[in-house]
């Protein structure tokens, strides 16, 4: 029974649970790697050895956190669990493909970890730029293993994206318009479209790199008429939509949390929120070269990418102000998910402001590859995506096993985590402005103060992670069952009770229009 249920599962709730557990495990691996980085940088001088091993750790940290923590939890975990419940579908459109989507992840993670363990590891950074990622600078199997790992996780995400798009468009009740689906469903839909359009380009780029390394092609080798800049264009055409893939489901979750704990039936400006997400998704594809301001592009090209990047701030601002408007006049309940959501809104805004600064190509020439960039994207990832995941987890946890997390412990956990991530990443802005470059294992003594503070912050974040494991254990040990859930008519995922039955909506849901009700 256990093998058929968990290995051959075709149930969206079970596969979502597998994704959540896998993501939690990968998150701990990624956290361990990040602590190695911060231990190395806690004071001047070498700890682990040379820059190669340092960069192997940094590269693995990025890949693990992006592809095996954030995406499986947000899209695989919350997406699988909530989308069918929110649209009244009995399951996903392709349940077996859903299972395959998950089971491609563990072998992919194994390949990635193997790539770090053989030869000298992948010391290229997560971008794997040639010629550093080529077979001269990185001889041996490491980079090839990492490329295969990316192929698998890419196939997994593409299959998942096809599944979500089909499910959301085709499996709503017949009378329901797309504009009646909850915002989280919209966010997963936009995310899935981004995945479907961007991942094939990454696959093309890394496949060309694979043949350059092993079959003597010269796609990225000027000696044979190739161009390493081509790889950068292909990579960032995927890489920029990818960062929006990481944050969009978080937008959807935060919209639900803010509305719920403000006692509102719906978020402020539903249509504006939907169109903002679609605008972010579209604009995300036409700004990729802002990662390449230092490779020698024409001034008019730089002007375009600067302007286009700044325009993304407009729909993002629409979302931030709509969340604030949702709070306005609400009967606010200061429960833990609301704290995570408010932290998310504030820190996403800070990360967005540093993003506007980096969008200026003239400024970016100076700030590119400094810790300012690291601070910027960790504000939107380590404090945007992660705070959204934590808020979603605390909010929807009662739905998954049917038990409630401890209200006081989760608030303390929020406080510790919030202090930890801010102490880790705010000093990095000053390091970047002072010119400290990224991807070096050592630094001049002048940078010691901010680095030591940053490393102390990372230790505080570690205590928060351990505390959260205790909170999860406590919930399963105490077995506090859910009593009642408020506002179920606008939060239909709760309608079937906590936890919901194994099969929900076994016959098509009947949706009555608001007009008919009056």
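Glycine is no exception: its Cβ is also placed from the backbone N, Cα and C atoms.
On a predicted model such as this, the values are computed, not experimentally measured, just so you know.
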| If you check the topology given in Swiss-Prot, are residue 223 and residue 297 found on the same side of the membrane? | yes
| query | Which of 240, 256, 328 shares the Cu cation site with 290, 291 per Swiss-Prot? | reply | 240
| note | Cross-ref Swiss-Prot: Na(+) site 40, 45; candidate in list 441, 452, 454, 455 matching that site is 441
| request: List the residues of the same chain that sit at least 6 positions away from residue 291 (Cu cation binding site) in sequence and have their Cβ under 8 Å from its Cβ, in sequence order, or write 'none'. | output: 232, 236, 239, 240
| message | Give me the sequence-ordered set of same-chain residues, not including 40, 45, 441, with a C-beta within 8 angstroms of the centroid of the Na(+) site's C-beta atoms. | response | 41, 44, 46, 47, 48, 54, 442
| note | Same-chain residues at least 6 beyond the ends of the topological domain 'Mitochondrial matrix' (87-94) with a Cβ under 8 Å from one of its Cβ atoms are 10-12, 80, 162-164, 166-168, 170-173, 176, 181, 185, 492, 503-506, 508-509, 511
| field | residue 45 (Na(+) binding site) to residue 376 (heme a3 binding site) - Cα separation in whole Å | value | 26
| Going along the chain, which residues at least six beyond the ends of the transmembrane segment (12-40) come within the CB cut-off of under 8 Å? | 5-6, 46-48, 54, 57-58, 60-61, 64-65, 68-70, 72-73, 76-81, 83-84, 91-92, 95, 98-99, 101-102, 105-106, 109, 113, 400, 424, 441, 454-455, 458-459, 461-462, 465, 500, 502
